Amino acid sequence: WEFNGSFYQPSAFLMMGIPGLEALHHWISIPFFLLYFIALLGNGMILFIIKKTQSLHEPMYYLLSMLAVTDLGLALCTLPTTLGIFWFNIRRIGFDACLTQMYFIHTLSLSESSVLLAMAFDRFIAISHPLRYPAILAKSTIIKIGLAVILRSVLSLLPLPFLLKRLTYCKKTELSHSFCFHPDIMNLACADIKVNVFYGMIILLSTVGMDFIFIVLSYILIIKTAISLATKDECLKTLNTCVSHICAVLIFFIPMIGLCMIHRFGKNIPPLVNTLVAYTYLVIPPALNPIIYSIKSSHIRGALLRALKKKSY
């Protein structure tokens, strides 16, 4: 403990695995290891294929590359502490290290939300204005979108570690997850956390909340455009191009909203539910996104098969 008058700050926090199933952590680590392996291999393969395949140098696939980078970052942020608990029972994490991990997790989550919004805009332009699509989403525009995503995430969440560092903490230092999450750390403080709660809520609503609303509006316009097409087959073919993105949106936003609601209102919810929702939010999307896009995108699937055949030869 660091003591400075009435100010107390723990030197470390203790992370939690899966409550009630500690004896099975070695077995539970197997599916988690597979999910992380799929996330790293799948997203790495997506980036490699898009870089090497000239025909994939289009706005849609540049945005998919951004999504793959954020998914890689999220997987790498939580992998060391999660597998460290399951394999070696390493529960201790330094105070500053915890704040650093928390900052990167929230920054990458916000980046993923922003990229999903940009991908919804891409689908809307491609379907509603196909002739103007190359001009509207030129390479320079995609670069500007990428920079805007990074700046928005980095700057809006920069105050979070400092808001947590100013607080006085109680003797309880046990977190609810195998990673550091802002509401989780904040609730261990003995001081007034109204500023933290207010700032966190404002950032959540003005970024992720607005992203979700604009994604829904984009799809309302996409559906209206698709319905106006001449034949039913054309309508279904048009909507089929959006299936991968819709799946990515659902597997990201549903667990995220659930986790936020649990931390805000679910004081009586069993810890196991809280833990499972948190893992679903941070571990499942990075593993599923490359699978979804590889299955649904014939261009990526074809490029992947060509790369595998070339390697076998």
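Residue numbers in this text run from 1 along the chain shown.
Cβ coordinates are placed from backbone N, Cα and C, and glycine is handled just like the others.
A quick note: this is a predicted structure, and the numbers were derived from the prediction, not measured.
Features reported for this protein in TrEMBL:
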- 42-293: domain 'G-protein coupled receptors family 1 profile' (DOMAIN)
- 24-50: transmembrane segment (TRANSMEM)
- 62-90: transmembrane segment (TRANSMEM)
- 102-121: transmembrane segment (TRANSMEM)
- 142-164: transmembrane segment (TRANSMEM)
- 197-222: transmembrane segment (TRANSMEM)
- 243-264: transmembrane segment (TRANSMEM)
- 276-295: transmembrane segment (TRANSMEM)
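Highest Cβ contact count with the transmembrane segment (24-50) among the listed stretches 62-90, 102-121, 276-295 falls to 62-90 (criterion: pairs under 8 Å). Contact between the transmembrane segment (243-264) and the transmembrane segment (102-121) holds: at least three of their C-beta pairs are under 8 Å, each pair 6 or more apart in sequence. If you look at the transmembrane segment (197-222) against the transmembrane segment (102-121), you find at least three C-beta pairs under 8 angstroms, all six or more positions apart, and that counts as contact.
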